[in-house]
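According to Swiss-Prot, the feature phosphoserine maps to Ser366, Ser735. What Swiss-Prot records for 1-126 is region 'Necessary for homodimerization'. Look at Swiss-Prot and you will find 112-119 tagged as region 'LPA/PIP2-binding site 1'. Among the features that Swiss-Prot reports, region 'LPA/PIP2-binding site 2' is placed at 138-146, with the record citing similarity to another entry. Taken from Swiss-Prot, the feature region 'Headpiece' applies to 735-827. According to Swiss-Prot, the feature region 'LPA/PIP2-binding site 3' maps to 816-824. Taken from Swiss-Prot, the feature repeat 'Gelsolin-like 1' applies to 27-76. The repeat 'Gelsolin-like 2' annotation in Swiss-Prot covers 148-188. Sequence annotations record features per position, and here Swiss-Prot assigns repeat 'Gelsolin-like 3' to 265-309. According to Swiss-Prot, the repeat 'Gelsolin-like 4' annotation covers 407-457. Sequence annotations record features per position, and here Swiss-Prot assigns repeat 'Gelsolin-like 5' to 528-568. The repeat 'Gelsolin-like 6' annotation in Swiss-Prot covers 631-672.
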Amino acid sequence: MTKLSAQVKGSLNITTPGVQIWRIEAMQMVPVPSNSFGSFFDGDCYVIQAIHKTGSNLSYDIHYWIGQASSQDEQGAAAIYTTQMDDFLKGRAVQHREVQGNESDTFRGYFKKGIVIRKGGVASGMKQVETNSYDIQRLLHVKGKRNVVAGEVEMSWKSFNRGDVFLLDLGKLIIQWNGPESNHMERLRGMNLAKEIRDQERGGRTYVGVVDGEDEKASPQLMEIMNHVLGQRKELKAAVADTVVEPALKAALKLYHVSDSEGKVVVREIATQPLTQDLLSHEDCYILDQGGLKIYVWKGKNANAQEKKEAMNQALNFIKAKQYPPSTQVELQNDGAESAVFQQLFQKWTVPNRTTGLGKTHTVGSVAKVEQVKFDAMSMHVQPQVAAQQKMVDDGSGEVQMWRIENLELVPVNTKWLGHFFGGDCYLLLYTYFINEKPHYLLYIWQGSQASQDEITASAYQAVILDQEYNNEPVQIRVPMGKEPPHLMSIFKGCMVVYQGGTSRANSVEPVPSTRLFQVRGTSANNTKAFEVSPRAASLNSNDVFILKTQSCCYLWCGKGCSGDEREMAKMVADTVSRTEKQVVVEGQEPANFWLALGGKAPYASTKRLQEENLVITPRLFECSNQTGRFLATEIPDFNQDDLEEDDVFLLDVWDQVFFWIGKNANEDEKKAAATTVQEYLKTHPGGRDLETPIIVVKQGHEPPTFTGWFLAWDPFKWNNSKSYEDLKAELGNSGDWSQITAELTSSKPEAFNANSNLSSGPLPIFPLEQLVNKPTEELPEGVDPSRREEHLSIEDFTRALGMTPSAFWALPRWKQQNLKKEKGLF
């Protein structure tokens, strides 16, 4: 019987973020060494556990991977072990079924350098990767722009096509052949994979050569080797288009209720997109079908034990019934331990008894009471995580310039109107703050709900012009009326006023209302604003403070549920609304004139406001593209700064605001389409997102701490020393002389390339550095080849002795190698 062994339980990591992998061997879980992570056999099945840390919370994912040539018994064992591991973790894990060739983005994300799938398996005597083994011949087909998967294919030109990257691995030589229609990123990923094989599997003692398919004549010696090994070159196949998933398909959600209460399993459709969390009952199990792309099974914590146990089988039966491909991805979600991806398929997802971060943006009627927090502005940059959570780059004490869109042009706003935002206008506000005496800029684009479409368009256009005047350094923040972020409010020190309509233009003929009512929200100078509402009694709320301005007086109405801090901030902002003396009115003690000004008494919200819902917000990073003529967003799991490519644009979704990051070498069309791209993302989001979500445009090299704080260990100097594809290619020594290797390989038949040849000789025994440096031949330890002393060193000693890595050394011309060995006492 398949059962999780005590040895596996004892070695199971449950506290430290990271990955563990086991291979199914003779129906048992056998650990895979870390230097073999990312290498899989198509005849085997594997179990992978990943632990992630978000804040102080740990989350668990368990995947079982099915090789296309694996046996049914091995597949069944992997599935059972996955369930048992989840049981051992007390139901805290998300379970994933992965099938070769259709792995999830989450799975691929664990292997940033790429995945290599090899032929064979444990049944045919195949072992995991052995370091320094050169008895290898294989052709790898590299697929994928970001997290690549390289599978072994037939060693023949027939396997090639014009659009992909291929690695011909011959032990001590790896040739990367780039299809003439492959793109820059595919070539870079292929090169990184080739270097990974060289450094991890061969200890750096392998040459890597690159052939660009559009210019094969530039690499005659490498092409001679390829033709010798692969046979005579024939016409190449056309490029094969990558599979594109339509966003609409991702948003096509259907929820099914699963029950076996009648003695047989009954699956019944109960809802379609948009979905809400209250559709899920703790007593039952459910299947969520995402357009046939992925199947989720949600297991209620109080559901029937048998239903829980059969969850995976129910999903597989569902796939068969729907005639979906057998490789369809499956995820099992435990009640209370749902993944962020699953949660965001719903309109909103809340978790009881979990505190939330500060500084969410809200509209009137759903505004949360924000606890006052004292912070030092400089700490926002020392601790960007705090800045990201609070959405504050500083305390709002920087320099301010403000313009209004008038006749589609920028007109400076009179000083007396700073902090006043009229719903019939659009404004640009440039905020300047300094870090170590260097200026940084935020460009707010505030768009009134009653502004014309021409003015809204002009505000975006003028923002681009202003951005260019400041060398494209400002961070652009689109702010729809009612979505004002905390930092914008902090600039006006508790005196920000938002009017329903109207304008602050000097020549305006629009009449000013004789009676105005403002709802005040906020507890400090950093989070307070007054928002105009309809002047009638029904607009009141017992939890808040309101300002009622009439022609004769100004009332400050204090609801029974408001706090002392809220009353004090309301008094401050009331002076901005009206210069007249304020009459404080306590709820229940209103004078007759108060109700008269509001058109008479009427029912209003008087129940105690519920505590703010604990929305679960997990930041998600997406690579964006519109190169195919339609918007595509590819998620990057477990993201870090390295995932931000200079040639691309990315979208960072933190739910109540969305960042759009632009790499310095990004496509011009993608740069210009920032707002459109984010809007398209929000429209096609299966969670039914608010299209008025604030959009923040960030350029590479000018990231504010509110952005960098979502990344672990952000390095502001990372791109100063980054290397291009051309730089990496030059490092490989492709301009060198390949004649010796060419002669070695082409002097014998392809099948003779093995560890017995000079080129592919196996690893030599390792000795301490001090036993090899500056020693005459007779004093060398037994077994040392005097002419190859450097090959008897560990990688660490090699690097210390020669001042470079083995891979860099082997890329040097032979004469340079010899001179360096003489200089370092290894000749």
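Placed from the backbone N, Cα and C atoms, the Cβ positions cover glycine too.
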* To do: Could you tell me what the rest of the chain brings near the region 'LPA/PIP2-binding site 3' (816-824), counting residues at least six beyond its ends with Cβ under 8 Å?
  => 773, 789-790, 801-803, 809-810
* Asked: Helix, strand, coil residue numbers for the repeat 'Gelsolin-like 4' (407-457) per DSSP?
  -> 8 helix, 27 strand, 16 coil
* What are the DSSP helix, strand and coil residue counts for the region 'LPA/PIP2-binding site 3' (816-824)? -> 8 helix, 0 strand, 1 coil
* Structure fact -> For the region 'LPA/PIP2-binding site 2' (138-146), the averaged pLDDT of the predicted model is 83
* Would you list the DSSP helix, strand and coil counts for the residues of the repeat 'Gelsolin-like 1' (27-76)? -> 8 helix, 27 strand, 15 coil
